[in-house]
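Scroll down for the structure; my scribbles are underneath it.
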Amino acid sequence: MARTDILPRMGLGTFRLKGQDAFDSVTSALKLGYRLIDTAQMYGNEEDVGRAIRESGIPREDIFVTTKVWWDRLRHDDLITSLEESNRKLGLEQVDLALVHWPSPNDEIPMAEYIGALNEARGKGLATRIGVSNFTIAQVDEALAAPGGDQLVTNQIEVHPFLANHKVVKHCQTQGLQVTGYMPLAVGKVMNEPVLNQIAADHDATPAQIALAWVLSRDIVVIPSSTKPSHQEANLEALNITLSGEEIERIGKLDVGERIANPDFAPAWDE
C-alpha cells in the first residue's frame, strides 16, 4: 500500500491551453523548474505538450508526465488504443501516469473493465503508473477493489479554498492514494477573497500563493495552470510558504462546497 509521495508536489496544468500557448507554457514552466506536466486527451494539446517536453533539453526521466483517458474511451480495447494514441501524440514511449479522467457516466461501462484495462496498459508499458480522477469515495473504494486497483496511485479532484473536499481527500489519503488538486486557484476567484488577501499581506505574498500554500499544507499535489512565466514562477514560490495553524483554519472556513468542474456527466458528488 506504500503508494504515497509519487508525484512532485507542484506541477503545471494545461487545461484550456492549445497550440502555441500550450507549447510556450510548458516550455517556460520546465525552464523555471517544474517537473510535473499534466495533460489529457480531451485537452487536445498532447502534441504541443509533448513537443515542448522533447525540445526542453531536460532528460526524459526527470519529467513526470500525466495524461488522462476521456470517458468515451473506457471500453477495454479502446482505452488501451487511446493511450497508444496519446503516447504517439506526445512523442513519448510511455507516460509516467495515466488517469481515467471521469468515471463512466451512469456506470455504462463496468468499472472493473476500465480499471482492469488501465492496469493492462500499465503492464504493456504505456504508462508507468495509473490512477483516477473525479472519483467519489464509493467509486474510489470500488476502483481499489477492482482487478488492478491495487496499482492506483492518485485521485485527481477539484480542490481550492471554496471547495475543500475534506471527506474525499481524507478517504483517499487514508487508503494510501495521493490526492492531486486541480483548479487550486478556483479559476482566479482566490485573488479577490478578503481573508486570502489579509494573509497574503502578512506573508508578503499574493492571494494565489496563499491558496496554493493552503492546498499544499494538506499534503495535496497542486497543478495550477498559467501561461505567464511570472505567474508560473510565483506559483512555485508557494512551496516555500508555511502557514500557521490559525491561518490554515481561517482559510478552511472559506469552504462553501463551490464546485467549478461539474458537467452533466459528473458522478453524484460526496457532500
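Yeah, the Cβs are placed from backbone N, Cα and C, and that goes for glycine too.
Fair warning: this is a prediction, and the values are worked out from it, not measured in the lab.
Here is what TrEMBL records for this protein:
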type     : residues : note
ACT_SITE : Y43      : active site, proton donor
BINDING  : H101     : substrate binding site
DOMAIN   : 9-254    : domain 'NADP-dependent oxidoreductase'
SITE     : K68      : site 'Lowers pKa of active site Tyr'
Cβ atoms other than its own within 10 Å of the Cβ of Y43 (active site, proton donor), all chains, total 21
Ordered by sequence, the long-range same-chain Cβ contacts of K68 (site 'Lowers pKa of active site Tyr') under 8 Å (at least 6 apart) are T39, A40, Q41, M42, A98, L99, V100, H101, S133, Q156
One finds that other Cβ atoms within 10 Å of the Cβ of the residue listed as 'substrate binding site' number exactly 21
Under a three-state DSSP reduction, the secondary structure at the residue listed as 'substrate binding site' is coil
Confidence over the domain 'NADP-dependent oxidoreductase' (9-254), expressed as mean pLDDT on the 0 to 100 scale, is 98
Mapped onto three states, the DSSP assignment of K68 (site 'Lowers pKa of active site Tyr') reads strand
